[in-house]
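Q: Take a look at the following structure, please.
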Amino acid sequence: MIVFTVALCGNVLLVLLIYTDPRLHTPMYFFLSQLSLMDLMLVCNIVPKMAVNFLSGRKSISFVGCGIQIGFFVSLVGSEGLLLGLMAYDRYVAISHPLHYPILMSQKVCLQIVGSSWAFGILDGMIQMVAAMSLPYCGSRYVDHFFCEVPALLKLACADTSLFDTLLFACCVFMLLLPFSIIVASYARILGAVLRMRSAQARKKALATCSSHLTAVSLFYGAAMFIYLRPRRYRAPSHDKVVSIFYTVLTPMLNPLIYSLRNREVMGALRKGLGRCKIGSQD
């Protein structure tokens, strides 16, 4: 519950700061606010049910509830993966084409980027939810996981799941490998642009703006690829449960800290907000 509270408060605070401070009304912070919103919904989809089961001692979930949890989970993870990939493109444009940045990353383009991330994520979630719920389940009803995740649920199916496995792999290639390739290509170009900079201060500033995003990408993609792109014969429930914690609980908790502690604009907005609260309490 401590981790959930930190993730909840951190992401809510970051969203409020970005939307209330005019200095943070830029494409980068708009994307960051959407990332925080996705993280907020992700922890709310999983942790409360876990807490209820733990406190009541009754570790159960209905079949429909399990399907809904899968739908929300896959939608949010897919949307976040796509958004992280497109955020790398935003950093590439900001560093490599600073003069054309306002045109290339206009409000319309930003809305299209965010809208497409949400749309494809929701579509992926709907496909996997419907496919998972259409399979027959018999025998053991014990899901060896702390929430309803597709790989854990498939082990309970009493039918051939090879077609579903192929569908799942295709979805993962599109929702994980495609944005990851955008990230790799963007940072390869960013590195080239940074090496061409003559000023050491400019190089340092450029790398600093990318370090937070790279940290978030490493945590999210490392865990997600380990779970979904590994051959089934190498999967172990104990490993999956540990790794899943990274992108379901820890990443949503750490993202606000990663993006704010080393960011002067966000910290400045936070100090400004705290100053207003202090003045209001004195009055």
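Positions of Cβ are set from backbone N, Cα and C atoms, glycine also.
Predicted automatically and left uncurated, TrEMBL annotations should be read as such.
Dumping what TrEMBL says about this protein:
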DOMAIN    10-259  domain 'G-protein coupled receptors family 1 profile'
TRANSMEM  30-48  transmembrane segment
TRANSMEM  60-89  transmembrane segment
TRANSMEM  167-194  transmembrane segment
TRANSMEM  206-229  transmembrane segment
TRANSMEM  241-261  transmembrane segment
Q: Checking distant contacts: for the transmembrane segment (206-229), what same-chain residues at least six beyond its ends satisfy Cβ-Cβ under 8 A?
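A: Long-range Cβ neighbours of the transmembrane segment (206-229): 35, 77, 80-81, 84, 87-88, 91, 94-95, 149, 151, 168-169, 172, 176-177, 180, 183, 187, 190, 193-194, 197, 240, 243-244, 246-247, 250-251, 254-255, 258-259, 262-263.
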Q: If I take every residue in the domain 'G-protein coupled receptors family 1 profile' (10-259) and average their pLDDT values, what number comes out?
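A: On average, pLDDT over the domain 'G-protein coupled receptors family 1 profile' (10-259) sits at 85.
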